[in-house]
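Taken from TrEMBL, the feature domain 'Sugar phosphate transporter' applies to 113-399. Taken from TrEMBL, the feature transmembrane segment applies to 111-130, 142-162, 254-273, 285-304, 324-341, 362-378, 384-401.
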Amino acid sequence: MESRVLTGGATAIRGGLPLLRKPAAVMKFTTAATCGINRDFPAGAVTAKPVGPLIAGPNLIWGRQLRPAILLETSPKRESIKPCSAAASSSAGSSDSSGDAKVGFFNKATLTTGFFFFMWYFLNVIFNILNKKIYNYFPYPYFVSVIHLAVGVVYCLVSWTVGLPKRAPIDSTQLKLLTPVAFCHALGHVTSNVSFAAVAVSFTHTVKALEPFFNAAASQFILGQQIPLALWLSLAPVVLGVSMASLTELSFNWLGFTSAMISNISFTYRSIYSKKAMTDMDSTNVYAYISIIALIFCLPPAIFIEGPQLLQHGFNDAIAKVGLTKFITDLFWVGMFYHLYNQVATNTLERVAPLTHAVGNVLKRVFVIGFSIVIFGNKISTQTGIGTCIAIAGVAIYSFIKAKMEEEKRQKKAA
């Protein structure tokens with residue numbers, strides 16, 4: 001049996017049982033029969049002995065039947081009766097077993113989080129590889145960007161239809177908040193694909209490693225947030241590494257480089273507007289609405305910039321190279337992988353601490369760069385390889401410092 005020391009007005013113990021107080025004396029009880037504990041009582045106090053089995057909410061005799069034992073506010077000593085050895089060992093055993101279930105490495109929560117990370121990496125790598133293969137025979141990034149979003153939108157509409165998840169209603173205020181986010185998402189997505197089509201995947205991801213630098217600059221000079229010196233210093237290796245990689249990149253061209261840089265700026269502003277557009281909707285619904293709005297923004301440039309070329313020879317050339325069936329299935333699956341990897345990345349962020357997600361994001365970029373070099377056989381110079389490693393290491397240091405600072409802020413607020 002466990003007896004707790006409770007103070008305060010109308011505090012209740014166990015299944016909502018009210019406290020019983022005696023104003024002038026301290027009431028304790030003897031549990032020698034079962035737990036080997038015998039406490040002395042002050043003069044004038046009445047001894048209460050247990051009747052019946054000692055379980056939650058025992059019956060005590062104190063001239064009449066009482067509720068579970070308590071100590072009064074006026075008690076000079078605040079002690080709780082320790083459980084007997086048998087009960088204690090049993091409780092400890094069950095506690096240990098439940099602790100193992102919660103803390104052990106191979107528990108359900110850890111395995112589920114690991115699965116999310118695996119799917120995030122897997123979907124992202126497959127998307128980048130399939131996306132680049134499409135550009136090798138169908139170099140129309142504006143149209144392919146529309147396909148990415150269109151397939152995702154259809155996926156969201158079907159999910160809403162079956163109620164997985166249930167569609168969250170959106171009003172004009174939320175629409176105004178999400179529209180700038182969707183515009184930046186559309187611009188960043190299209191310019192990323194222009195870069196993917198123009199240069200090697202590994203080089204695009206190396207340039208996109210500069211995104212933390214633009215985030216820090218925007219926070220400092222646009223939002224007015226003071227960025228610590230340690231964060232700025234951690235970005236120096238990123239800038240140095242990208243510069244080294246760019247100077248000797250064999251696939252370098254200005255279209256690919258500038259498009260990747262515009263993508264960095266776009267996603268930086270997307271982060272800024274996202275902070276202003278916090279809603280009560282879950283992440284799945286928010287991303288669905290952003291995808292729908294972004295698709296509307298992506299359609300005009302795809303139609304006006306690439307439309308005439310596609311109608312003249314673009315579609316026919318692609319079908320002649322790979323066949324109609326493969327062409328359609330490639331576009332469908334690259335759109336599915338794009339939507340799913342973004343959705344899984346969002347869901348993963350909700351499951352882990354920012355530091356874990358930041359480290360995971362850096363490792364994801366390493367995986368993508370490594371797999372793209374192996375799959376496509378891209379030749380890179382020694383300086384490009386060293387520069388890429390330096391840039392990734394800088395991103396890792398920046399992510400670690402920033403995540404630790406965010407964690408300290410949360411702990412201070414909680415305290």
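Cβ atoms are placed via backbone N, Cα and C, with glycine included.
In this chain, the transmembrane segment (254-273) does not touch the transmembrane segment (362-378); fewer than three CB pairs sit within less than 8 A of each other, excluding pairs fewer than 6 residues apart. Listed as Cβ neighbours of the transmembrane segment (384-401) (distance under 8 Å, sequence separation of 6 or more from its ends, same chain) are residues 202-203, 206, 209-210, 212, 216, 230-231, 234-250, 355, 358-359, 361-362, 365-366, 369. Packing against the transmembrane segment (111-130) from elsewhere in the chain are residues 196, 201, 205, 330, 333-334, 337-338, 340-341, 344-345, 347-348, 351-352, 360, 363-364, 367-368, 371-372, 375-376: each is 6 or more residues past its ends and has a CB under 8 Å from a CB in it. Looking at the domain 'Sugar phosphate transporter' (113-399) alone, the prediction's average pLDDT is 88.
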